Amino acid sequence: GLLPKCKLVPEQISFILSTRENRNGVFLTLDSLKKGGILNKSDLSSTQVVFLIHGFISSANNSNYMDMTKALLEKNDCMVISIDWRNGACTNEFQILKFIGYPKAVENTRTVGKYIADFSKLLMQKYKVSLANIRLIGHSLGAQIAGFAGKEYQKFKLGKYPEIIGLDPAGPLFKSNDCSQRICETDAHYVQIIHTSNNLGTERTLGTVDFYMNNGYNQPGCYYSFIGETCSHTRAVQYFTECIRHECCLIGVPQSKNPQPVSKCTRNECVCVGLNAKRYPKTGSFYVPVESKAPYCNNKGKKI
């Protein structure tokens, strides 16, 4: 009985709901939401909703996701729903057993994806949330979950999510899969991928835009080891939070044998990483130089 269970039933999934009125958030379940009375407004038609999804051996109240939630709320009067599927992510298992549970956590990603699709449909039906105002941001296994949520939502024949942001999507047991078994550019109208590690993540292009931070691996300030790999993998979340928090734009240059310097960038061929990426005309793969310390800015204040 020592093997990690990493069991997940949908009833165990909870979430932290945060708004400008309640920035610290409250832990809730879908049952409590269905009974009503939690959202004090019944009409959320003008509210932006962001689903945030953690990765393997993590949880919704991990400081990196709390920081991103704060940054999102400072920038927009939105509602952040940080999904907590820690039981299924092996977070509660014995330290030494956590990693053995990874394949089970991978299986659980589909359950969580379906949960999010159902949840978003409920928000639209019961609270008048507009599909155009929904965005999913997932890290690691959470990015794969966001992709599965996008696929599940499309089964309702009600359209597609406008945007999914995959922060260093998990590579192991996904990277050689075809589109139906991993996050894919068809999961939303615009799929933005940030690559920061090539062992825990993948260098494979997956989205409408793929940003390769520092070539997509060995992030500055992280070291060459398993710890360094974890550090690089987590950097994706930190980079994105800084892109939300600061007007500083991390500029992506189209990938080529010798990418042009950021200083030569214009709006038409380069793209800023972040919530406004889809406003730029260019899609494809981009190289993003980064600094080793927050806000990781690469552009000396240049705006494009």
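Note that Cβ sites are derived from N, Cα and C of the backbone, with glycine treated the same way.
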Labelled N-linked glycosylation site in Swiss-Prot - which residue from Asn40, Asn61 would that be? Asn61
Can you tell which of the disulfide-bonded residues (Cys179, Cys222, Cys270) has the fewest other C-beta atoms within 10 angstroms of its C-beta? Cys179
Look up Cys272 (disulfide bond) in the DSSP assignment and report helix, strand or coil. strand
Set of same-chain residues at least 6 away whose C-beta sits under 8 angstroms from Asn61 (N-linked glycosylation site): Ile16, Ser82, Asp84
Would you count the other CB atoms within 10 A of the CB of Cys272 (disulfide bond), including those on all shown protein chains? 23
Tell me the coarse DSSP state (helix, strand, coil) of Cys297 (disulfide bond). coil
Using C-alpha positions only, work out which of the disulfide-bonded residues Cys179, Cys231, Cys270 is nearest to Ser140 (active site, nucleophile). Cys231
Assigned conformation of Cys222 (disulfide bond) - DSSP reduced to three states: coil
